[in-house]
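J.: When I checked TrEMBL for this same protein, it listed these features:
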TRANSMEM  6-27  transmembrane segment
TRANSMEM  47-65  transmembrane segment
TRANSMEM  71-93  transmembrane segment
TRANSMEM  105-127  transmembrane segment
TRANSMEM  147-171  transmembrane segment
REGION    217-242  region 'Disordered'
Amino acid sequence: MAILGSHNPLAATFGIFGNIISCMVYLAPARTFWKIYKKKSTQSFQCLPYLVALFSSSLWLYYASFNIRHAFLLVSINSFGCVIEIIYIVIFIKYADKHAKKLTIKLLGAMNFGSLALIVLVTRFAIDESYQVKVLGWICDVVSVIVFAAPLSVVLPNVGGLALGLLQMLLHAIYRNRGAKENVTTDGAVTTFVVVVNPLGSPEVFSTAVKDELSLENNNNNNKGGEDDAQGKTVEANDCPL
């Protein structure tokens, strides 16, 4: 959030401006938590961004401990950030439902205690002293980027759901009229075409030609009966005296 310290006046000036902006960033969610306090409910808000912000502030304070004499700006802003984020998290836990409360406590323990302790142990005892500050600085930078990406945890699932929903609508529009059966009647046979829709590939068409023998027999009987009637009528007409 701010530089460790520098004898360069320009760097110090930018450090002060950076701390002012960081302070505004920390205070930005205050309105959200005021709503939570008034409604006595966390509603649809998520606590992950504030847990990550607390984790980031804690890491920067640990980073500042390597050169504490020249880290006033870094210590001041991140100490303020830790206090603000702890207040946010306490309010969230107080008014969250049972499931959200348990999840927040688990994440708090895993991230801000377990992960932080692991980083401290690794950087202190597993990394050469000449590289400790550099490695820890990279870790702090990565976590700082994650702080700004954490609010997207609410948006990303909705984007995926939107994409899948559009895909389903597209498949429905393409194949909505291809699942019906089409019957084609010919002389003495009925050919049935069955279209099987496969959403992951091209549709397959199966044709079955079924000969309607019963219909043909009935037609033959009707034709034969008609011929017999005609012959009978002719005979009767010949036998009639004039």
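Glycine too: its Cβ is placed from the backbone N, Cα and C atoms.
Locate each feature and note its surroundings.
T.: Residues 53, 70, 73, 76-77, 80-81, 84-85 of the same chain lie 6+ residues outside the transmembrane segment (6-27) yet bring a C-beta within less than 8 angstroms of a C-beta in it.
A Cβ distance under 8 Å defines the sequence-distant neighbours of the transmembrane segment (71-93), meaning residues of its chain 6+ beyond its ends; these are 1-5, 12, 15-16, 18-19, 22-23, 26-27, 29, 33, 36-37, 42, 45, 47, 50-51, 53-54, 56-58, 60-61, 63-65, 100-101, 104-105, 108.
Sequence-remote contacts of a segment are chain residues at least 6 beyond its ends whose Cβ falls under 8 Å from one of its Cβ atoms, and for the transmembrane segment (105-127) they are 47-48, 51-52, 54-55, 58-59, 62, 89, 93, 135-136, 139.
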J.: Residue list, the transmembrane segment (47-65) vs rest of chain: Cβ under 8 Å, 6 or more residues beyond ends.
T.: 1, 4, 26, 29, 71, 74-75, 78-79, 81-82, 85-86, 88-89, 92-93, 96, 100, 103-104, 107-108, 111-112, 115-116, 119-120, 133, 136-137, 139-140, 143-144, 146-147, 150-151, 153
